Amino acid sequence: MSPQTETKASVGFKAGVKDYKLTYYTPDYETKDTDILAAFRVTPQPGVPPEEAGAAVAAESSTGTWTTVWTDGLTSLDRYKGRCYHIETVVGEENQYIAYVAYPLDLFEEGSVTNMFTSIVGNVFGFKALRALRLEDLRIPPSYSKTFQGPPHGIQVERDKLNKYGRPLLGCTIKPKLGLSAKNYGRAVYECLRGGLDFTKDDENVNSQPFMRWRDRFLFCAEAIYKAQAETGEIKGHYLNATAGTCEEMIKRAVCARELGVPIVMHDYLTGGFTANTSLAHYCRDNGLLLHIHRAMHAVIDRQKNHGMHFRVLAKALRMSGGDHIHAGTVVGKLEGEREMTLGFVDLLRDDFIEKDRSRGIFFTQDWVSMPGVIPVASGGIHVWHMPALTEIFGDDSVLQFGGGTLGHPWGNAPGAVANRVALEACVQARNEGRDLAREGNEIIREASKWSPELAAACEVWKEIKFEFDPVDKLDK
């Protein structure tokens, strides 16, 4: 044996495999204000102790690998490793635990959601020792969140740009989502905006297809916006979807929108990716564009209760990456969303400081310091009868978006927009007068419909429409 080999052996390196919990389970650890904290829902394989499972998550999402390596001795694992510092049993679930993991801040690149997720969820979810794994929540310390720009503008700046206060904003997704020519698409936009909506929207999969190329759509929508603004005296917008196959093409589309003078563009942030989204958010702040975010593909990641990632984590990541609006479910419409859980991540989007509240699914106190807020968008299977509940649930700082609930009106798009605007104004007035929207909502809509034939027709069409299915993802009891 050579002297060099003898020296390496003498420093204590021992090849082989050892339990993760010996290094990465540290129940005595006191978390630091600068740590990123994660709450994982862990379902170990039979025979795997929860401490070993939690430690494996901490190891595989930070410095660990499956065997001891001699290069561990070339750095300070104690400084850089993730630590599973607490484990609790999930009441009512067999062999399921919440494992809390603390990550040192130096593990992450500044201002990069991409790097943060690559570390925390990039590899560990396929680990064989775990039957299932879900990231329930993250605590982002101010020392990390301050390295992000965040939303291009935020709630107050958007209201100032639009000169609209004291009520939710109204939107509409143009339908059919695919197949319209650019000119007919622009016509639908114009009818909705002149009827009283604040915004219309490209659907998430409207990019640049053979039936309607993006530049043609942008031009006809800009024409519709200017015409509706001239007729109504209100500032209008259409979410022009800039999502594209490359970042360069995406920015080119945003540049065109800016040159047309429109107020807002749109991005599909999960399918487009966080790097592209952050790049677009920076461009939007630099060039005065609002940024609407669609969460297409989110349910692939967040719908199952025991595996994946909860939407509250995706919402926090979006606030850091940048967006002025994001779709957040409706509670009352056709898409998944339990009320208390939805309100929990709505507050995480809008508020500066959110206290830990397990009854709403919030595992950690979150302090965003001065990062601007994001407006939640309620969209999916909603109509005029839902207006009181939506106004009561989401409050003023929200966008209520009616696609079929506008374009499905028996008299056309503009009357559909009128019906929604009248219903909203009636609900806001009733609320301001002290009436209980939750209890008196239907009566408020009926009273308003006496003075609006458009609303009366909408009420008749959708009086029997309900989406009453039990949510898949519920809060733990």
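Each residue, glycine too, has its Cβ placed from N, Cα and C.
What Swiss-Prot records for LYS175 (among others) is active site, proton acceptor, and it gives sequence analysis as the kind of evidence. Note on LYS175 (active site, proton acceptor): other Cβ atoms within 10 Å of its Cβ, all shown chains, come to 16.
Marked as active site, proton acceptor by Swiss-Prot on the basis of sequence analysis: HIS294 (among others). Long-range Cβ contacts of HIS294 (active site, proton acceptor) within its own chain (separation 6+, distance under 8 Å): GLU204, ASN241, MET266, HIS267, ASP268, TYR269, ILE326, HIS327.
Residues or ranges marked as substrate binding site by Swiss-Prot on the basis of sequence analysis: ASN123, THR173, LYS177, ARG295, HIS327, SER379. Classification of ARG295 (substrate binding site) by DSSP places it in coil, neither helical nor stranded. In sequence order, ASP268, TYR269, LEU270, PHE311, LEU314, LEU318, ILE326, HIS327 are the residues of the chain that are 6 or more apart from ARG295 (substrate binding site) and have a CB within less than 8 Å of its CB.
Marked as Mg(2+) binding site by Swiss-Prot: LYS201, ASP203, GLU204. With a 10 A radius on its CB, GLU204 (Mg(2+) binding site) counts 20 other CB atoms from all the protein chains. Following the DSSP three-state reduction, the secondary structure of GLU204 (Mg(2+) binding site) is coil.
For PRO3, the entry in Swiss-Prot reads N-acetylproline.
The N6,N6,N6-trimethyllysine feature in Swiss-Prot is assigned to LYS14.
Residues or ranges marked as N6-carboxylysine by Swiss-Prot: LYS201. For LYS201 (Mg(2+) binding site), the count of additional Cβ atoms within 10 Å of its Cβ stands at 29 [all protein chains shown].
If you look up Swiss-Prot, you'll see LYS334 marked as site 'Transition state stabilizer', on the strength of sequence analysis.
Fewest Cβ neighbours within 10 Å among the binding-site residues ASN123, THR173, SER379: this applies to ASN123. Around ASP203 (Mg(2+) binding site), the same-chain residues at least 6 positions away in sequence with a Cβ under 8 Å from its Cβ are THR173, ILE174, LYS175, LYS177, LEU178, ASN241. Of the binding-site residues LYS177, HIS327, HIS327 has the largest number of other Cβ atoms within 10 Å of its own Cβ. Here LYS201 (Mg(2+) binding site) is positioned 11 angstrom away from SER379 (substrate binding site), judged by their C-alpha atoms.
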